[in-house]
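The domain 'ABC transmembrane type-1' annotation in TrEMBL covers B:143-347. As annotated by TrEMBL, region 'Disordered' applies to B:1-23. Per TrEMBL, the feature transmembrane segment maps to B:30-50, B:56-77, B:89-108, B:150-169, B:181-205, B:211-229, B:261-282, B:329-351.
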Amino acid sequence: MSTDTAPASPPPPPPSPSKSAGSISSGQDTRPGDRVFAGLARGSGIILLVVMAAIAAFLAWQATTALTENEGNFLTTFEWDANADPPVFGIAVLAFGTIVSSVIAMVIAVPIAVGIALFISHYAPRKLAAPLAWAVDLLAAVPSIVYGLWGALFLVPHVTGLYEWMDDYFAWTGILEYNGGAARSLFTVGILLAIMILPIVSNVCREVFKQSPKMQEEAALALGATRWEVIKMSVLPFGRSGIISASMLGLGRALGETMAVATVLSPSFLIEPSLLDPGGGTFAQNIAASFKEASAAGIGREALIASGLVLFVITLLVNGLARLIIARRKEYSGANA
Amino acid sequence: MTDVVLDKAPVNDTPPPPSSTLRQPRLPRWAPLGIGALSAALGSGVGLVAGLESRIQWGLIAALLYVVINYTLATLVEGSRQAKDRLATSVVWVCFLAAVVPLVSLIWETVVRGSKVMGVDFLTHSMNGVITLQEGGGAYHALIGTVEQVAIASIIAAPLGLLTAIYLVEYGGGKLAKAVTFFVDVMTGIPSIVAGLFVLAFWILYLGFDYSGFAGAMALAILMLPIVVRSTEEMLKLVPNELREASLALGVPKWLTILRVVLPTAIGGITTGIMLAIARIAGETAPILLLVFGSPSINNNPMEGAQSSLPYYVYEQWKLGNTASFDRAWAAALLLIIFVMVLNLVARAIASWKAPKSGR
Amino acid sequence: MAKRIDISGLSAYYGSHRAIDDISMSVEPRSVTAFIGPSGCGKSTFLRTLNRMHEVTPGGRVEGKVLLDNEDLYGSGVDPVSVRRTIGMVFQRPNPFPTMSIYDNVAAGLRLNGKYKKSDLDGVVEKSLKGANLWNEVKDRLNKPGSGLSGGQQQRLCIARAIAVEPQVLLMDEPCSALDPISTLAIEDLVGELKSQFTIVIVTHNMQQAARVSDRTAFFNLSAVGQPGKLIEIDDTERIFSNPTVQATEDYISGRFG
């Protein structure tokens with residue numbers, strides 16, 4: 001197929017020998033049907049690029065408006081008073097909350113997700129494996145607001161016991177102190193985010209584990225390796241970068257999650273020393289929670305857009321890193337095949 | 001990997017007694033089950049005795065016991081290698097259960113609590129005139145909103161995504177295609193709230209339009225577009241090249257080859273991808289919150305004025321914070337889950353029914 | 001070091017499909033037994049039942065007995081992991097562990113058993129590589145990855161890896177099918193040397209190879225596509241190739257089918 005002869009560079013009318021065989025007088029590219037269709041396809045691709053550019057441009061533009069009027073320090077101020085005159089707002093608390101809740105989520109979710117992936121790919125009874133994989137796929141489709149509702153009305157009351165326990169044994173750390181009240185804290189958010197990203201992380205890991213070369217697994221088996229030794233010798237080394245990129249994709253989800261955090265967290269513009277106590281906030285949660293008041297007047301909405309821009313950049317970096325790792329893995333395994 | 005192993009001296013059984021090489025002392029086959037039951041019982045027992053109120057603690061204790069007992073018994077009976085294998089197996093099982101329990105609880109709670117007020121009334125009434133603490137009211141207006149917004153988003157994103165994927169697979173290869181591929185990946189990672197903020201900045205703040213279902217639909221379309229492109233691309237790549245060549249060799253122009261040969265071959269997978277994308281955006285709340293604003297009454301016009309949507313309705317009712325509104329929130333959540341699950345199931349059914357038989 | 005294998009009434013299944021049907025035969029110690037037959041006759045499946053690798057395949061299931069010096073591999077209480085440690089296997093395509101060096105590949109099986117010092121390990125690695133006629137080619141680059149070797153060298157590395165754990169029996173599943181003629185010759189020579197220590201079973205598509213390397217040859221066939229494979233006859237290689245008792249064997253060997 002001559003795929004690289006795009007209509008954008010109109011070919012000269014004289015019959016050139018390099019034209020694909022089959023077209024006798026008129027080159028394929030000059031057919032109106034072909035031209036229109038290729039143009040449409042190409043145009044769609046261009047629209048996608050334009051939308052991306054517009055997202056970056058408009059967010060940056062609105063953010064600049066807000067930042068020039070900000071009387072506080074955008075990075076270090078511990079409050080969000082964008083509607084006031086003069087407006088004062090900063091993302092310190094939001095950045096802290098976003099990162100902490102995501103890190104908690106990763107610490108809980110990644111090992112469990114790898115376990116689930118191994119369970120489905122190597123441990124589960126065969127009749128169970130396919131329906132399980134399917135069920136995990138379905139769970140990835142549960143809307144985040146449902147997780148949020150469940151988190152706020154079921155998880156929060158059920159973790160208080162656990163937190164009291166942690167307070168008994170780990171209060172001395174300072175970060176795991178619990179002073180009673182509803183457990184609408186960053187730690188609970190972390191647990192909920194972990195549950196939410198489990199399906200996606202384990203799905204990606206499972207795909208990678210499934211591709212691990214059967215030949216090496218058989219070689220290990222034939223040497224008398226136990227199942228765990230087979231996994232340690234041939235599955236995990238092969239899947240390491242896959243696990244990393246899956247985690248990054250999960251992290252991207254956790255960083256940008258809005259509704260589940262907005263429902264569970266009881267926000268404040270303070271950095272609480274203990275993760276078990278309510279308070280704090282995340283970028284996305286703050287946008288959702290402050291939006292209705294912000295829309296009245298002033299630069300409230302612009303300020304929220306500015307914080308959204310920061311979130312956008314962070315998730316871009318994380319996702320970009322994940323894709324980079326996946327791309328490198330492809331090259332690596334391609335060279336090895 | 002095996003540093004630990006290396007400093008062990010050669011054990012006395014280096015030339016193993018020939019008759020016993022195949023038989024190793026093994027725990028009986030029911031051992032994992034038995035240990036599981038035992039740990040569950042012990043976990044609950046300890047929980048009861050110590051007066052731990054949270055079932056989560058009971059579960060954690062049981063899981064820990066399960067792993068430890070398994071490992072200890074295996075070390076005693078089967079030796080250290082088998083014990084490590086058992087340790088890994090039990091940890092993997094515990095991981096699996098640790099994930100299944102909350103997910104099952106999520107579904108269970110939604111179904112049980114959601115079915116309280118679910119019914120014809122709930123599906124056919126709006127919240128217009130329903131006072132906060134009052135029972136009754138429904139999600140009809142939200143249902144209308146969701147259907148309209150998702151439909152508009154699909155009408156925008158599906159053709160655009162389909163054509164972009166065709167461009168990437170059938171016409172791609174150049175720098176532009178590489179850029180598009182890259183930015184599709186980038187787009188996949190955009191948090192939904194950021195998509196909402198963009199439409200807010202562009203449509204409402206810059207162009208000066210009002211909040212409307214259409215504004216929300218645009219944000220949803222941005223979220224849907226990369227999913228459609230990705231899945232369609234995968235499906236088009238599965239179409240064997242021989243088919244294209246056969247058609248081109250018959251003198252069929254390229255665009256007709258794509259329309260008549262390539263797309264029909266991949267149509268099952270493409271439909272599946274689009275339906276999964278719809279299921280995905282139907283549950284999005286954040287952009288609706290920013291762009292549609294929410295309204296308790298029925299608004300059939302997506303182009304003008306505030307609307308509601310199912311996920312937004314869940315959030316709104318949760319925020320009201322009383323028993324009656326929680327019931328409505330759960331019912332709407334149940335509705336949403338059913339909607340998303342049905343879409344998923346139908347999509348997968350289509351995928352397996354229409355799967356390209358000649359595909360790899 | 002070498003043990004005999006007695007197989008009786010062995011059938012193997014993939015799910016509900018029966019791949020081989022009711023096979024009974026014996027494999028003599030310190031000899032080379034070759035399995036020949038047309039594609040799909042189940043000779044590789046049969047080989048994989050001899051060290052319980054068949055059950056690794058999804059849906060794989062075995063009926064019958066395989067006695068290794070009178071101990072049934074499929075008896076209750078027998079640990080498949082121990083079986084595979086006792087009966088080594090070399091695969092169709094060389095499959096060294098890509099993340100491990102040449103040294104680590106050979107030592108992999110020993111390390112699993114976890115009872116070796118570094119100095120012991122060095123000795124075993126050298127002995128195994130020498131045994132696989134690979135030592136001279138790799139002794140200066142033992143720490144390089146095994147995937148950097150040529151196909152024939154990789155296959156000999158896999159043989160070294162298999163014999164390093166000192167198995168009783170060595171199963172080879174078409175070990176030369178992915179190799180060039182020179183490498184094939186090197187492996188065939190190696191098989192001739194190894195049979196003084198091991199019981200060797202080799203599956204091959206190549207009848208000349210069977211005639212060259214084996215002492216006894218078993219011919220497998222299937223009555224039709226989709227039917228289970230059967231053992232047609234087993235005899236001294238010389239007899240099979242000069243004067244087989246069954247007509248089908250003669251037809252196959254003389255190239256009339258398969």
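The backbone N, Cα and C atoms fix where each Cβ goes, glycine too.
Long-range contacts of the transmembrane segment (B:30-50) within the same chain: residues 57-63, 65-66, 69-70, 73, 89-90, 93, each at least 6 residues beyond the stretch ends and with a Cβ under 8 Å from a Cβ of the stretch. Long-range contacts of the transmembrane segment (B:211-229) within the same chain, counting only residues at least 6 positions beyond its ends with a Cβ under 8 Å from a Cβ of the stretch, are 145, 148-150, 152-154, 156-158, 160-162, 164-165, 168, 184-185, 187-188, 190, 192, 195-196, 198-200, 203-204, 273-274, 276-278, 280-281, 284, 287-288, 290-293, 299, 301-307, 309. With a cut-off of 8 Å between Cβ atoms, the residues of this chain six or more beyond the transmembrane segment (B:261-282) that come close are 146, 150, 153-154, 157-158, 161-162, 170, 220, 223-224, 227-228, 230-232, 234-236, 238-239, 243-244, 246-247, 252, 310-311, 336, 339-340, 343-344, 346-348, 350-351, 353-356. Nonlocal intrachain contacts for the transmembrane segment (B:56-77), taken as residues 6+ away from its ends with a CB within less than 8 angstroms of a stretch CB, comprise 25-27, 31-32, 35-36, 38-40, 42-44, 46-47, 83, 85-87, 89-91, 93-94, 97-98, 101. Non-local neighbours of the transmembrane segment (B:150-169) in the same chain are 177, 180-181, 184, 213-214, 217-218, 220-222, 224-230, 232-233, 236-237, 258, 270, 274, 277-278, 281-282, 302; each lies 6+ residues outside the stretch with a CB under 8 Å from one of its CB atoms.
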